Each structure stands twice: as C-alpha cells, then as structure tokens.
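Worksheet: the structure to be examined is printed underneath.
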C-alpha cells in the first residue's frame with residue numbers, strides 16, 4: 001500500500017489545476033476560432049451525449065478508489081471491467097445518436113466516430129480512480145499531460161489539417177491516451193495483482209450508489225434550461241456563462257485537499273486535518289481577491305459586452321468559496337465512512353450511511369434552488385433586464401449554498417473534530433484584503449482598457465503576479481504555518497532536481 005502524502009499531492013493538484021485553466025482556455029480558443037457554428041455545435045452535442053453515457057463509469061472508479069486506498073487488490077479487476085462497461089456505454093450512445101441525428105443537422109459521420117472515444121475516456125477515468133487511492137498526485141500528472149497534449153494535437157488536426165470535428169476527436173483521443181500511459185505507469189504495481197470476480201459482483205450489486213449522486217447533478221444542471229425557457233432568451237445564458245467562468249478559478253483552492261479522501265480511506269483518520277482546511281483559505285482568499293479586483297477587466301477580455309455582468313462575478317465568488325469548502329467537507333465525510341468494508345452490509349445500512357446521506361442533502365439543496373429560480377423568473381416582470389435576472393439568479397444560488405456549507409461543517413466538526421484555525425485564517429484574509437486593495441487602486445488609476453488583448457492581458461498578468469508575490473511574502477513573514485508550507489515546497493523541489 002503506497003503512503004499518501006497529503007500536502008505534496010495537494011500542492012501538485014493546485015498548480016496543475018491552475019495550469020489546466022490556461023490549457024483549457026487555449027484549446028477552446030483554437031476550436032472557436034477554427035470551427036464554423038455547425039461544427040462547434042456538433043461537438044457540443046457530442047459532449048452532452050457523453051455526459052449521459054459516461055455516468056456508467058463511476059460504478060467502477062467509485063469503488064476502485066475506496067478499495068485500493070484500503071489495500072484491497074481490485075485494480076486489475078477495474079481495468080478489465082472498464083472494457084465491459086464501456087462496451088455497454090457505446091451501445092447506449094449509438095442508440096441515442098440514431099434518434100438525435102434524425103432530428104438535427106449534426107454531421108452523422110462525426111457524431112458516430114465519437115463513439116470510439118468512450119472506451120478511451122472510460123479507461124482514463126478508471127485509472128484516475130485507481131491512482132486517487134494509490135498515488136493521488138499521479139491524477140494531476142495525468143490531467144496536466146492530457147491538457148498539454150491536446151493543444152498541439154488540436155493545432156495539427158483542427159487548425160492546420162482543417163479536419164473539423166473529426167480533428168477534435170483525434171486530438172482528444174491522443175490526449176487521453178497520453179494520460180492513460182502516465183496513469184498506468186504510476187499504478188503499475190497495484191495493477192499487477194490478479195483479476196477477482198468478487199469485486200465485479202459487488203460493483204454490480206451496489207451500482208445504484210455511484211449513480212445516485214448524478215441525480216442531484218442533473219437537477220442542478222437544469223438551471224440553464226429553466227432560465228432560457230422562462231426568460232424566453234438564451235442571451236442571458238451567455239452573460240451567465242461568462243460571469244461564472246471567472247469565479248470557477250477559486251475552486252482550484254480545494255485541490256490542496258485532493259489526497260485527504262484517500263488518506264482517510266487508508267487510515268480512518270488524519271493528523272493535521274485542520275491545517276489542511278486552513279490551507280484552503282490560504283489559496284482561496286488571494287484567488288477570490290483576484291477575481292473580484294479583475295472582474296470587469298476579466299469580462300472585458302472575454303468580450304467587452306460582458307462587462308456589465310461584473311456584479312454577478314462578485315456574488316458568485318462567495319458562492320464558489322462556500323461550494324469549494326462544502327466539496328472538501330463531503331470528501332472528508334465519505335472518507336471516514338466504513339459501511340462498504342463489511343461485504344455483507346445490507347441495503348438498509350447503505351441507506352443510513354454517509355455515502356447516501358450526502359448526495360441526498362445535495363438533491364434537497366438543488367431542488368430548493370431550482371424551485372426558487374422558477375419562482376423568481378415567474379414573478380419577474382416581462383420587461384425585466386437580463387442582467388438583473390442573472391444577478392437574482394446568482395443571489396439564489398448563493399443563498400441556498402450558505403446553509404448547506406454550514407451543515408457540512410457541523411458534520412465534519414462532529415465526526416472529525418475539525419475546527420477553523422480562526423487566527424491564521426483572519427491573517428490570510430487581512431493580508432489578501434490589504435494587498436489586493438492596493439492592486440485595485442493601482443488598476444483603477446493606471447489600467448487602460450485596450451481592445452488588443454495582446455497589449456491588455458500582459459498588464460493584467462503583471463498586476464496579478466505583483467499581488468500574489470506581495471501576498472505570499474507578507475504571509476511568509478508573519479505566519480509560521482506559511483513558512484512551513486513554503487519550506488516544504490522548496491524541499492520537494494530540491495529533492496526533485498538533486
């Protein structure tokens with residue numbers, strides 16, 4: 001059983017998460033600048049169809065992570081099972097394609113050939129699940145390799161060869177295969193174990209449990225559909241998508257806790273778990289400050305017409321911080337749940353477990369959220385301003401997130417005795433507030449908006465780097481835990497290069 005290093009894996013996840021934001025943006029720009037609307041729409045249809053059929057995959061990875069972390073030899077079974085389940089997914093996908101193609105103007109050849117991606121993506125996700133319970137940092141390596149690989153592949157097959165959607169399929173396939181190679185090498189020791197049919201039987205018997213959280217996700221995803229139907233326009237969705245894009249950067253702060261889930265599965269407890277929660281705030285505060293300070297410039301970079309949506313960015317910043325904490329707390333609670341250790345555990349025992357309770361709470365939260373959104377849109381005057389509507393939308397999302405985060409914190413405090421290190425957290429908040437208030441003042445005085453993004457973006461990057469350096473320097477000088485974190489990072493780098 002591999003020893004899981006929480007801080008090491010977490011730091012790698014944070015860095016990779018920030019890098020993949022860049023690679024994902026570059027990949028998207030290549031597609032939007034190269035494909036015509038029909039081609040881009042076809043790729044959009046493919047990705048939506050994938051969301052449905054790929055819901056089968058957690059039947060394997062959900063359990064593989066928990067079992068591998070506990071030293072059970074289910075990795076090889078998971079690898080071989082991915083072929084079985086992905087074959088089922090391909091059949092379902094092709095049936096859906098038959099009906100979708102007949103009612104749309106999508107290119108049948110492209111949408112049909114995309115089926116070949118399903119087994120590749122399945123295997124990549126299963127290997128990620130295995131590594132999450134074995135060596136969590138390897139998951140980040142796989143994501144980074146995939147993100148970096150898909151850019152030159154897209155340039156070759158989509159931009160230079162002008163192969164359209166088929167070029168995207170080839171690019172995504174090669175990127176996933178690159179990730180698979182990295183993940184397979186990392187998990188090679190545990191994959192060498194024997195295939196055991198008992199694990200496959202268990203996964204089939206308990207397949208309903210990995211499916212259940214997806215229901216809450218589906219309910220939450222309907223917000224866009226509800227808004228577009230009741231508002232009578234998709235224009236507001238464009239402003240919403242742009243405004244939500246920036247705050248999503250903050251969710252990377254939660255990646256510092258990537259390995260906590262596996263560590264708790266492995267040991268049942270974890271030292272310095274409070275410190276890990278504090279480190280989330282160490283990253284969340286400066287990232288939140290960056291998003292708020294550069295809300296208008298960030299929207300301007302996407303498209304100047306989106307600038308008026310900056311209040312939504314600010315509201316969603318708080319929502320994303322709370323949601324990030326909630327997500328981490330849920331991982332901790334699932335990590336200490338042991339109902340699945342007992343192979344004879346009954347259906348009733350699973351229903352009473354945290355594995356069922358946590359997604360149930362999310363389902364309740366999202367149901368209330370959708371209901372309030374419907375009521376707001378129904379009560380809004382017919383001539384309501386779109387920006388006002390999406391602002392109310394953001395307020396509803398934030399207001400339903402607050403009680404859920406509080407509840408998750410109460411559960412974590414009760415079950416793991418986790419408490420916020422208030423003094424340290426306040427230090428991080430004050431430093432972020434002071435440093436980025438100065439950055440905001442400088443930007444307001446000297447930053448000139450230029451439609452040439454190659455001139456404007458470097459200015460934003462420079463101010464951001466100055467702010468980050470100032471934040472790290474001051475916290476390093478006044479906080480001992482920051483000194484330990486920075487020293488740990490430096491020592492890891494020295495070991496890598498020595």
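Including glycine, each Cβ sits where the backbone N, Cα and C put it.
TrEMBL does not curate its annotations; it predicts them automatically.
According to TrEMBL, the feature transmembrane segment maps to 7-31, 43-65, 77-99, 111-127, 139-160, 166-187, 208-231, 237-260, 280-302, 355-378, 424-442, 454-478 (among others).
By the Cβ criterion (distance under 8 Å, sequence gap of 6 or more), the transmembrane segment (280-302) is not counted as touching the transmembrane segment (139-160), fewer than 3 such pairs being found.
139-160 is the stretch from 43-65, 77-99, 111-127, 139-160, 237-260 with the greatest number of Cβ pairs below 8 Å to the transmembrane segment (7-31). Here the transmembrane segment (355-378) touches the transmembrane segment (208-231). Their Cβ atoms form 3 or more pairs under 8 Å, with each pair 6 or more residues apart. Long-range contacts of the transmembrane segment (111-127) within its own chain (CB-CB distance under 8 A, at least 6 residues past either end) are made by residues 42, 45-46, 49-50, 53-54, 57, 60-61, 64, 78-79, 81-83, 85-87, 89-90, 93-94, 97, 100-101, 142, 146, 165-166, 169, 172-173, 176-177, 179-180, 183-184, 187.
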